[in-house]
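> From TrEMBL, here are the annotated features:
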BINDING   28-35, 75-79, 139-142  GTP binding site
DOMAIN    20-189  domain 'Era-type G'
DOMAIN    220-297  domain 'KH type-2'
REGION    28-35  region 'G1'
REGION    54-58  region 'G2'
REGION    75-78  region 'G3'
REGION    139-142  region 'G4'
Amino acid sequence: MAEKTADETAAEEPAGAAPRCGFAALIGEPNAGKSTLLNRMVGQKISIVTHKVQTTRARVRGVAIEGAAQIVFVDTPGLFRPRRRLDRAMVAAAWAGADDADVVCLMIEAHRGLTEGVEAILATLDAHAGDRPVALVINKIDRMRRDALLALTAEMNARRAFAATFLISAENGDGVDDLRRWLAGAMPEGPWLYPEDQIADAPMRVIAAEITREKLTLRLHEELPYQLTVETETWEEREDGSARIEQVVYVGREGHKGIALGRKGETIKAIGSAARADIAEALGRPVHLFLTVKVRPDWERERDRYSAMGLDFPEGN
Ligand SMILES: Nc1nc2c(ncn2[C@@H]2O[C@H](COP(=O)(O)OP(=O)(O)OP(=O)(O)O)[C@@H](O)[C@H]2O)c(=O)[nH]1
Ligand SMILES: [Mg+2]
């Protein structure tokens, strides 16, 4: 067969290269900015973000395309020392994300540097990453001076050999294109796993429950956000094109129910209207959202609550 000219090749295959596809796991301490980066990489909000730690509870996949490569980003829960059963399920899910990935991105916060938490992750990382490449992603560089960033890069690379180091701001996008290009080159050759226009693979009822949990986390204080979970119970498509969605917020105690409802139900009303607006935006059509708060003292010990979140149920106490 005659060799093709560059022009002919370009006409057939825009990127002029064989397709690549693989998984890039984003791991790191809680609050490192993993979900913010996932959303930026896919260009839409598919993973919830708050200023509080332990926002993400299960793996969230988002798909980005760079040239001939489809990069399946895997946002994971933050890695920390687990205490509760839910913590253990979250940390197990995070490491499982790294285990399944072609490339692991360890995200750290520029201004916090090599913390005890990062040390703990490094101590376990090799066992999970094996011989697959691990990139160091130093995030939140908008909060740091350049010279301090170079010192941190050197310190981290002295601690462990990283395949590459990136200095980024997931929030404002600095450095993110370089990271995406590098990841594209690191993906194995192979056919794309998702259709070209698909950016997320979680069912809409799960995304809708997550949006409501984000609003609860932003509104409620201290331990309460960690002691609740949200599930979509019913989802009805209406003839006028809108969706009628009923969700349940499970809390552990009667007192928590009172706080979540607020005086005259004002708190839950505000949460519901913020969640409704975001769900409607994600769906691209009107939404009627109904929230019910239920006391369920043992929800953290119920297998069904974990599967609804996309988590494996950890055995033991
Ligand atoms: N200044 C600054 N803030 C950022 C940046 N990236 C993320 N943040 C903020 O950091 C906080 C945590 O971001 P998330 O994306 O939720 O962090 P995460 O790593 O997913 O956290 P967990 O889900 O709890 O593990 C949020 O308030 C973000 O707005 C950044 O580049 N610069
Ligand atoms: Mg997150």
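Note: Cβ is positioned from N, Cα and C throughout, glycine not excepted.
Predicted automatically and left uncurated, TrEMBL annotations should be read as such.
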> Which residues, given as numbers and ranges, are at least 6 beyond the ends of the region 'G1' (28-35) yet have a Cβ under 8 Å from it?
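Beyond its ends, the region 'G1' (28-35) has Cβ neighbours at 47-49, 51-56, 60, 75-80, 106-109, 115, 117-118, 121, 137, 139-140, 170-171.
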> Scan Thr76, Leu79, Ile141 for binding-site residues whose C-beta lands under 6 Å from an atom of ligand 1 and note them, or write none.
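Result: none.
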> Let me know the DSSP-derived helix, strand or coil state of Asn31 (GTP binding site), please.
coil
> List the same-chain residues at least 6 positions away in sequence whose Cβ sits under 8 Å from the Cβ of Asn31 (GTP binding site), in sequence order, or say none.
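In sequence order, His51, Lys52, Val53, Thr55, Gly78, Glu109 meet the Cβ cut-off.
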> Can you tell me whether DSSP puts Ile141 (GTP binding site) in helix, strand or coil?
helix
> Filtering Lys34, Thr76, Leu79 (binding-site residues) by proximity to ligand 2: which pass a Cβ cutoff of under 6 Å to any of its atoms?
Lys34
> Select one residue from Gly28, Lys34, Thr76, Leu79, Ile141: among these binding-site residues, choose the one with the most other Cβ atoms within 10 Å of its Cβ.
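Per the Cβ count within 10 Å, the most buried is Lys34.
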> According to DSSP, how is the region 'G2' (54-58) divided among helix, strand and coil residues?
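Per-class counts: 0 helix, 0 strand, 5 coil.
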> Return the average pLDDT for the domain 'Era-type G' (20-189) as a whole number.
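Mean pLDDT across the domain 'Era-type G' (20-189) comes out at 97.
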